[in-house]
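K.L.:
My questions all concern the structure below.
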Amino acid sequence: VRMALLPDLGAEILIPLCAVIGIVFSLAQWFLVSKVKLTPGRGGSSAANNGRNGYRDHLIEEEEGLNDQSVVVKCAEIQSAISEGATSFLFTEYQYVGIFMVIFAALIFLFLGSVQGFSTKSQPCTYDQEKFCKPALATAVFSTASFLLGAITSVVSGFLGMKIATYANARTTLEARKGVGKAFIVAFRSGAVMGFLLAANGLLILYIAINLFKIYYGDDWEGLFEAITGYGLGGSSMALFGRVGGGIYTKAADVGADLVGKVERNIPEDDPRNPAVIADNVGDNVGDIAGMGSDLFGSYAESSCAALVVASISSFGINHDFTAMCYPLLISSVGIIVCLLTTLFATDFFEIKAVDEIEPALKRQLIISTVLMTVGVVIVTWTCLPSSFTIFNFGTQKVVHNWHLALCVCAGLWSGLIIGFVTEYYTSNAYSPVQDVADSCRTGAATNVIFGLALGYKSVIIPIFAIAVSIFISFSLAAMYGIAVAALGMLSTIATGLAIDAYGPISDNAGGIAEMAGMAHDIRERTDALDAAGNTTAAIGKGFAIGSAALVSLALFGAFVSRAGISTVDVLTPKVFIGLIVGAMLPYWFSAMTMKSVGSAALKMVEEVRRQFNTIPGLMEGTAKPDYATCVKISTDASIKEMIPPGALVMLTPLIVGTIFGVETLSGVLAGSLVSGVQIAISASNTGGAWDNAKKYIEAGASEHARSLGPKGSDPHKAAVIGDTIGDPLKDTSGPSLNILIKLMAVESLVFAPFFATHGGLLFK
């Protein structure tokens, strides 16, 4: 057996080095974005900085009246209002979530400490009774610590993402005066700042935690990596509240603003006369950006944890081969470098000149990163793994070759690309599915809804086959470890995925600011084009999040089953089957809660907006200012109050089922929720994205067909707006939160597995 080419020292240097490079790169991108000034300067623009082109730029500005100081001031005002709203909401949310974090950390400590009655003596290892391992009390302490660490990292990733997005939105608007290419680069760079910060931070903190825990655990790697799983649990539990809270916030405002503004009052989207307009733009940042950031960080942390747990009881862990053990982290490190090169293709190697080049440029990002990453995976696998080794497979050790693992990672990577492309096909208005939905608006809202739902259900088919194929390949080649690294493969290009995803809400905000600042029509057209591409990339990002959640949760499920000491999960035993059918119901229960929360919050918002239109004199004429703050407060209060029940449902289910019914029923619940959750999540997010873009398609009027349905305010357009409004909670609240439900229940079961295995199943004892 050939040993790995890369010595342990190499891995110890390479991982933190790549993480630091990622952080430095994101700061460099942020510096470039900050060069766009938000203070009205001499000549109204950075004409002087352009050196060679300064004179020509200056002339263009004179023609377009770019020196209009008041526009810049207005943009800066709106931006600070959005930023303040988002910051104050997140602080309020984090106060509640912080209380929850402390309570849950105490639960982890009590449950896991009680496994051996809080004894401090070494115990025989779970998988190898001959050896002695650290006591369960140590696992309790370190799991609690890693849970808090993961939670804090998750919250910080979400918060930083929001800060960057609110920093960049007005800058994108101002750059749109110079052309669509310039605006695209600002929005994309800001997305990249978030993507790289998050990927690098997640990797660095996980790596540091492993090394710190190693000081205590020494050679007991099994206990060490079991305690590390708390990191994934912390990351995802914060993501759940961020996603649900942010999703309810953003959609209450969006639905309220659209229903009264566009349908009843016939004023355009983001019109400054609409009282809910600031809340709507704040919502994009707290839901799509902060929520998405925490969500993908959670996926990333969990897939790393799942892979590490399985590896620690395979030959890597038994032989204490540190480089091979760190294989999941090395893949992520190479991923950061690959994404760095990929980003340069969008910002530096090619320039976008026309509107129709935006979507291809974003699509190119996905293809380039996938191709480069395939090469990266092969190199890492060849240098960091011995030529053959064994992987723990439900009680036996399975012999695996290093190229098997490369295939597993690539299976995940490429199925991610397929899911991205299918999502794009179903949600972009350049293709027939969305155009058919738009066409069905001729006969009113009902046909629009029927077509949209059908599109969503149909869009599930290919992604599920892609996930199925990658599961089959990975499992056959390398058992549960194969599935964990396939999930990591899908998430290895997370920096690029997040960059194109965060780009969406930033350009959405930029359009809102352009409308509120009363900018010229052609500028609003440019930001609309950026925004329509952004809807598609947001849907692609959700597709990635859902696909990776399916793989991650299956890997965690495998680790849980191994840890809980179940050799097989038999569907024909009543214990398992009842779990299966109840688990499949949970995503529906969860969706019902989140949809209803959006509905009731939107109802309050609609009443408030109507009240302001009816009672503030001069509001419709534009002589009086609406009261934005009340609408922001309605959204904040609703989302904080409404995020608790869905969150409690997800967090308590595994604890209750495991304690009362035991590990077999819990394994059924996990399998059931995984199988049904993935379907609802994909169909919900694609239906919503398609309705949104069908409305954009009619509004843009770019083709003969679109013009026959428009203009804004026509009956087909109103039908399209209704579809878009129904789709809002589907695509931004229920859909994206479901992938967290799937992962979170699995990772929580894994963390609490020692307790369930010893004390669980009270009912059947």
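Backbone N, Cα and C define each Cβ position, glycine as well.
Automatic prediction, not curation, is the source of TrEMBL annotations.
According to TrEMBL, the record shows the following:
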TRANSMEM  13-33  transmembrane segment
TRANSMEM  96-116  transmembrane segment
TRANSMEM  136-162  transmembrane segment
TRANSMEM  183-210  transmembrane segment
TRANSMEM  297-318  transmembrane segment
TRANSMEM  325-346  transmembrane segment
TRANSMEM  366-392  transmembrane segment
TRANSMEM  404-423  transmembrane segment
TRANSMEM  460-488  transmembrane segment
TRANSMEM  544-566  transmembrane segment
TRANSMEM  572-590  transmembrane segment
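Would you situate these features in the structure and describe their surroundings?
P.N.:
If you look at the transmembrane segment (183-210), the same-chain residues 6 or more away from its ends with a CB under 8 A from one of its CBs are 15-16, 18-23, 25-27, 29-30, 32-33, 36, 146, 149, 153, 156-157, 160-161, 164-165, 167-168, 171-173, 175-176, 224-225, 228, 231, 235, 289, 293, 296-297, 300-301, 304, 308, 329, 332-333, 335-336, 339-340, 343, 346-347, 352, 358, 361, 494-503, 506-507, 510, 526-527, 530, 534.
Nonlocal intrachain contacts for the transmembrane segment (297-318), taken as residues 6+ away from its ends with a CB within less than 8 angstroms of a stretch CB, comprise 127-128, 150, 153-154, 157-158, 198-199, 201-202, 206, 210, 221-222, 224-226, 228-229, 231-236, 238-239, 324-325, 327-329, 332, 389-392, 397, 479-481, 484-485, 487-488, 491, 494, 545, 548-549, 551-552, 555-556, 558-559, 562-563, 739-740, 743-744, 746-747, 750.
Taking Cβ pairs closer than 8 Å, the transmembrane segment (404-423) reaches residues 327, 331, 363, 366-367, 370, 373-374, 377-378, 381-382, 385, 459, 462-463, 466-467, 469-470, 473-474, 477-478, 481-483, 485-493, 536, 539-540, 542-544, 546-548, 551, 686, 689 in its own chain, all 6 or more past its ends.
Using a Cβ-Cβ cut-off under 8 Å and counting only residues 6 or more beyond its ends in the same chain, the transmembrane segment (544-566) has close neighbours at 126, 226, 229, 232, 292, 295-296, 299, 302-303, 305-307, 309-310, 313, 392, 394-395, 412, 415-416, 419-420, 463, 466-467, 470-471, 479-481, 483-484, 486-487, 490-491, 497, 663-664, 666-667, 670-671, 674, 678, 681-682, 685, 735-736, 738-740, 742-743, 745-747, 749-750, 753-754, 756-757.
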K.L.:
Looking at the transmembrane segment (460-488) and the transmembrane segment (136-162), are there 3+ C-beta pairs under 8 A, with each pair at least 6 apart in sequence?
P.N.:
no
K.L.:
Counting only pairs 6 or more apart in sequence, are there at least 3 Cβ pairs under 8 Å between the transmembrane segment (366-392) and the transmembrane segment (325-346)?
P.N.:
yes
K.L.:
Which stretch, 136-162, 325-346, 572-590, tops the Cβ pairs under 8 Å count with the transmembrane segment (96-116)?
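P.N.:
Maximum Cβ contact count belongs to 136-162.
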K.L.:
Any residues 6+ beyond the ends of the transmembrane segment (572-590) with a Cβ under 8 Å from its own?
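P.N.:
Here the qualifying positions are 646, 649-650, 653, 657, 661-662, 664-677, 680-681, 734, 737-738, 741-742, 745, 764.
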